[in-house]
Amino acid sequence: MYAFYSLLVYIFYTVFKKEEEGEVLEGACGQSPEFKQQPDHVSMETGSRRRGGHTPRMGKRGWSRLSDSSSSSDSDSFSQSEEEEDCDGDLTMPAKTPLAAFLSFKQEAERRRASTVQLDVAEKVNESPLVAVMSHLLSFLEQYSHLQQLQQQAEQYRLQLRRHRVQHRRHMKALRTHYRQRLRDKSSIISSLEEVISQQSTPTGEGESVEASGGKAGLHSLVESLCGLQGERSQLRGELRLLHSQLEQRDMDRHAKVQAFQQQIDELKSCIEEREQELSRLRTASGATDSEKRVVCLSAENESLKHSLSVTQSLLQQLSVIPNQSSTVLMKENENLRSRVLQLENTLQQRVEQLSRLERQSEQLEWRRGEELRRRDERLKELQLELDKERSKEALVKHVTQTVEVESQATLRKLAESRQKNEQLTKKLSNQNERCKQLEEHLRRSDEVTCNLQHKIAAYEREINMLREQLLKEIGHLEERKEEAVKAAANCSEGQLQNLQDQFLTLQRRVSALPPSLRSMKTDYASLRTQVRNFSDFYGAAIKEAKKQITAAISEMSEANKDLLEKYRKEVALRRKYHEQLVELKGNIRVLCRVKPVLKEDQHEEGQAVVVTTDPHNESALMVMNKGKGRTFELDKVFHPQATQEEVFQEIEPLVTSCIDGYHVCIFAYGQTGSGKTYTMEGNSENPGINQRALKHLFNEIEERKDMWEYTVSVTSVEIYNEVLRDLLSKDGEKLDIKMNPDGSGQLHVPGLRVIEVKSFQHIKKILAMARRNRITFGTQMNQHSSRSHALLMITVQGIDLATGTKTTGKLNLVDLAGSERVWKSGAEGERLKEAQNINRSLLALGDVIQALRGRQTHIPFRNSKLTYLLQDSLGKGNKTAMVVQVSSLESNVGETLCSLKFAQRVCKVELGPAARKIESSDKIHENCC
Ligand SMILES: Nc1ncnc2c1ncn2[C@@H]1O[C@H](COP(=O)(O)OP(=O)(O)OP(=O)(O)O)[C@@H](O)[C@H]1O
């Protein structure tokens, strides 16, 4: 009994398990026993659903259309050739033709699908979810493979159709050529006959006419045969036409069939797509990912195991009388099953956790990716905006430059015209002056003549007076002698009297002889006096006339000049405005970079590589190679190693011009020791640098404006060494201090600093040489004559508008900074070390100022170093700044080069805002924001 029960339990369990497996397998191939047992119930329901749900799209409509077309073509084509009959007949005989085979196959597929669906439902009812899903999937796979087969068949049909069409075309072609050949033969026969007839109908002579009459019968027969042939020909033509129409009809039929087939194929395709979609839907429903599928499988397995366990347990309960041996077997089995269940549950749990972890991770990744994409998009947008801005800036610069060029050309033309006019007027004026001079010469000569005459007159008068006195004396003398003679006559003899009378007579004669000379002298004198009076009158009139003429000419000229001057003034103002706009568009802070050429003395080690390269197509890009990686820097302008001093100055020139217009400008050279700062700023005698060229430009510009403006240029030069300020233009080398100006203007001033007013360019050359001599330099490992201090050349340009009296004060600070080398690299020790540290400190302070300006901070730490304090009024807002960053292109200096370029890029981002012109009108300095 016991053995029987245990056997029964074992068999029951084994059957139960096998049944399950069998069900799964049978479900997969559509041969379920349940299905066989209850066919009506299940197939009725699912069959109707399937038929209604999945087939109708192409089904009835498509097939009816196809059969319609085929039947119509049948009726049309039965009267045609045999071949056609065969072709159309295929469609009406399903078992023989491919299309019929396709139809039967389709029906078969429909039937099989219906049965599969029935099976699905049966399985759904009776089986576990895993088995159901699996069977579902398998059934869909099967459907899918059927569909593919259908597709292949459709493809084959299409190929067959194509082949048929080709064959048909060939056949038609052959027929056409055959008929054409026949037609050609007939025509050639006809033409030969016509020829014969024409030959026979032409009279060729008497002898021949006899022959002709004899051959009339032959001719008749020929004509008859010709008529027959012509009839045959027309018959053939009719045949051909008929054939043509038949062909056309056939073509049309075929076309219709092809269309029907195409439609059928399309419908089949859409049906396949639908199935595929459904399949993918089901796939996702039953777990799209492998892990999900696995989870579903495991849970189904778990469920089935649980189920079997419960069944076994219930069985065990029922069979409590089962002997110990079998119960232990069962217990063991039970234990195994339990542990298996537990194991599976654990695995399931782990998988679920893993899955959730993976999901979280993927979510995080997705989120990060989204963030990254968003950030990139924003950056891209920013870059796009910057690019647009740059482009618009460039376009504006171009436009302004063009306008300025056009305007300046027009101004130059006007200026040339006005110069011509001026020249003419000047010529006129010089003529007048010449005349004036002649008149003045004349006047001078007349004055001289008058003077001579006056002298002569005075001499005459003196002579006359003398003569008169002599005469009076003589007369007195004679009178005395006469009295004496009278007295003597009274006393002496007649002879003596006679003698005396004679003497008297001679004396009288002499006296009478005297008056005519005296009279002539008097007339001479009077005429001379009248002459002098007349001459002075004439001279006065002439002078008056000349003056009149000169004033007329001057007024005429000044009238013409006034207009010109006004125009010129306007043009100059316009030019200045455009110039300022240009400078502002370029940016009130400009960063230029100059790459030092590789010199012999720089190559301490043999074969040092060049790591800095410039781009010939992009003059604002610079590439630095470091440890195999390239980094590109974008600055306002990059000068390649072969750039000349003049090219560098060309970029600075507009700023120098701004200084004359009353702006504060700061130009400084920055870079490591030996990178060429001093060369760029000071240069040498053959190749002067920015300092000399700027001053030369200043004086040229002042010379050009001298008609309207009066300028004074004053210069100071200082150096900052170890945070101590020293005057480079005085020999005592006294320490100086920076203080606030006591006048309350808020301006800085350095008491005791020597200010030199410069009159000419030659003068400035001497001043610059003196400053250079006084500057502190020492040799470092990097540079034989390293400048160990910051050198500042400060130029103040004060201008007065001659017309309006407006005053401007421009400042130009030209700064040659000390080298920004790393202390260890420059080989500094002791005093040199302290010096290097001070240099670095002040450069750091400069960096801080730049940083604060860049961040638009309210407090700018100008006072942190002497350098920044001194440059306060030229470095900050409203001013114009240019920095020339000097870099070495050698590999050994790449670290310094990168540092300098990074600093330059920071400076690039600073915005100083619109520049302000320092104008003084009506005794007050005010800033005129452009
Ligand atoms: N563009 C250049 N063309 C030719 N020679 C140059 C150029 N730049 C620099 N030099 C030469 O390199 C040497 C060092 O240059 P310079 O003294 O100007 O460097 P520096 O940066 O001022 O150094 P320091 O900071 O030590 O004063 C000089 O002999 C100078 O003539």
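Positions of Cβ are set from backbone N, Cα and C atoms, glycine also.
What TrEMBL records for GLY671, GLN672, THR673, GLY674, SER675, GLY676, LYS677, THR678 is ATP binding site. According to its DSSP assignment, THR673 (ATP binding site) is coil.
The coiled coil annotation in TrEMBL covers 258-285 (among others).
Feature annotation from TrEMBL assigns coiled coil to 327-510 (among others).
Residues or ranges marked as compositional bias 'Low complexity' by TrEMBL: 67-80.
Per TrEMBL, domain 'Kinesin motor' is recorded for 588-910. Along the domain 'Kinesin motor' (588-910), the predicted structure has mean pLDDT 84.
The region 'Disordered' annotation in TrEMBL covers 30-92.
With respect to Cβ neighbours within 10 Å, the binding-site residues LYS677, THR678 differ, and THR678 shows the lowest count.
The Cβ of GLY676 (ATP binding site) lies under 8 Å from the Cβ of ARG594, LYS596, GLN886, each on the same chain and at least six residues away in sequence. Scoring each of the binding-site residues (GLY671, GLY674) by how many neighbouring Cβ atoms lie within 10 Å, the top position goes to GLY671.
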